[in-house]
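First comes the structure, then the notes that go with it.
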Amino acid sequence: MHGTTVLLIEVGALLFALGMLGRLGRRIGLSPIPLYLLAGLAFGHGGLLPLSASEEFIEVGAEIGVILLLVMLGLEYSATELVGNLRSAAPAGIVDALLNALPGAAFALLLGWGWKATLVLAGITWVSSSGVVAKVLGDLGRLGNRETPVILSVLVIEDLAMAFYLPLITAVLAGVGFVGGMQALAVAVVTVIAVLVLAIRYGGAISKAVSVQDAEALLLSVLGLTLFVAGVAAELNVSAAVGAFLVGIALSGQVAHHAVEMLSPLRDLFAAVFFVFFGLTTNPADMPPVLLPAFGLAVLTMATKVLTGYVAARQAGIALPGRLRAGLALMPRGEFSVVIAGLAVVSGVQPQLAPLATAYVLITVVSGPLLARIPDYAWAKSWLRRRAATRRTTERVPATD
Amino acid sequence: MRVRVEQTPLPGIGVRHDLVTNSGRTVGVVSHRNGRRDLVLYDVDDPDACLASIPLTDDEAAALADVLGASLMLGQLAGLRQQAAGLLTEQIAIPAGSMFVGRRMGDARARTRTGASIVAVLRDREVIASPGPSFVFEANDVVVVVGTRQGLDGVTAILAGDIGD
């Protein structure tokens, strides 16, 4: 009895504090993710106010948070969008993977970490935060810009790539070795393709089977189906997150639209718990030694993201200012990096990984959206215009000869 | 003559339509999944960026479409006039004192008597295309009529109330 009361007090105080932090973040134009992580650090082991009674509860909540984050991501994209985008954006996706995953891997090797931790860090530096990037684009009024489809398709490819990466990393961290990892990857590839084909061919029928009329029944059935599939996927070592992502993709049309509306508040709640939980598992005392490496890694991989955006936008025929906008917008890392790091923390592969990932995500997610504004400032615009003008005149000179 | 509207999917957000005008400017509309629409105007110096992005509600978008549609329709009628020699288009206002204010269009028997057709009525910046015989006129309606010179003059006279039955 006493345990429950303490749990209520702790969870209540925590959620209220998160609500206040969210408001503060909105006021200063900051994504709530870094604030939730900081809150987790403050409440965790060795933090200012350790929460003891509710940690188990928060752990379960965090698990549900990951699942909800992924099912919402799947619901936002339709299977046709994912596949239709694949052909045109594949080169950009490959450039993105090479330029951003390799620095992370190289960095881990440089620190003398094992191959498992290397694989994890590669994933952490690879994936931009779709949520934060989409929000930045909306806030800066860039949704109509020509480079925006380029940015979005890079994000879509990354999210789709996660459907293969997460099962691989889950299996590897479970200690099944390289062969086992490849098996998990093969299972994931077959499952993802099967789900995509099913969703494109029979998506209408699947969605029709779930009635939209009854809101309560829809909420329970979609949530239930998601958790069930996620659980089965985890049991098969294919990562719960990917199972949820595939459920989201399989649902489309009206059902997806209503499910997004109803699951959004739940996602907001449990995703907040998830970010806090990740902060909780990190001891703030471990942070200072990794700050400098995290900063170096952040600078390096933010630069490679700018290069990724530059190359991808150039392929799409975008001019220099647009290429820079695309690159700078892609910089923030967020939910996926934390999800990947979370998997590694559970398996205890490298003790320094959690604090490094926390510091890394904090740096990129705070500085990324601020740096993304650079091309909108007057001085940057005039510099770009002068550059374009000088280039034009140098091009014209030989033509008149 | 044909305008090319380009459609670009925005995964996770919606779809963007844009077109380049004759004057070289690019305008577009971003349609969000949740029904919101943004009217976007592109920068002349940097054609990849939008200069302004104006969020529109359903009603605002519909009103804007109506206003633009009205001028489009008149433009098409003007084109029609050039194609068929001898066929004219005219906008005729119904004076407040006309005997047809509050009466059905069918009562004027304009086409039967003059051969000219009423193809549209403009009311409060709204276009009512191809009104039927049961359409009721109001004061200050502007009717768009297509016909010969003689026919148009006839309709003007009928609506002004000069020719009785």
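Every residue number used here counts from 1 along the chain in the order it is shown.
Positions of Cβ are set from backbone N, Cα and C atoms, glycine also.
TrEMBL has this to say about the protein:
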- A:17-371: domain 'Cation/H+ exchanger transmembrane' (DOMAIN)
- A:6-24: transmembrane segment (TRANSMEM)
- A:57-77: transmembrane segment (TRANSMEM)
- A:89-113: transmembrane segment (TRANSMEM)
- A:119-138: transmembrane segment (TRANSMEM)
- A:150-178: transmembrane segment (TRANSMEM)
- A:184-203: transmembrane segment (TRANSMEM)
- A:215-234: transmembrane segment (TRANSMEM)
- A:240-257: transmembrane segment (TRANSMEM)
- A:269-285: transmembrane segment (TRANSMEM)
- A:291-313: transmembrane segment (TRANSMEM)
- A:334-353: transmembrane segment (TRANSMEM)
- A:359-379: transmembrane segment (TRANSMEM)
How about the transmembrane segment (A:119-138) with the transmembrane segment (A:334-353) - do they touch, taking at least 3 C-beta pairs under 8 Å (6 or more apart in sequence) as contact?
yes
Under 8 angstroms for C-beta pairs, at least 3 of them, ignoring pairs fewer than 6 apart in sequence. Is the transmembrane segment (A:334-353) in contact with the transmembrane segment (A:6-24) by that rule?
no
Beyond the flanks of the transmembrane segment (A:89-113) by 6 or more, those residues with Cβ under 8 Å of it
119-127, 150, 153-154, 156-158, 161, 293, 297, 300-301, 304-305, 307-308, 311-312, 315, 350, 352-353
When counting Cβ pairs under 8 Å to the transmembrane segment (A:57-77), the leader among A:6-24, A:150-178, A:240-257, A:269-285, A:291-313:
A:240-257
What stretch, picked from A:6-24, A:184-203, A:269-285, has the most CB pairs under 8 A with the transmembrane segment (A:240-257)?
A:184-203
Residue numbers, six or more beyond the limits of the transmembrane segment (A:291-313), whose CB comes under 8 Å of its CB atoms:
89, 92, 95-96, 99-100, 103-104, 107, 111, 125, 128, 147, 150-151, 154, 322-331, 333, 356, 359-360, 363-364, 367-368, 371
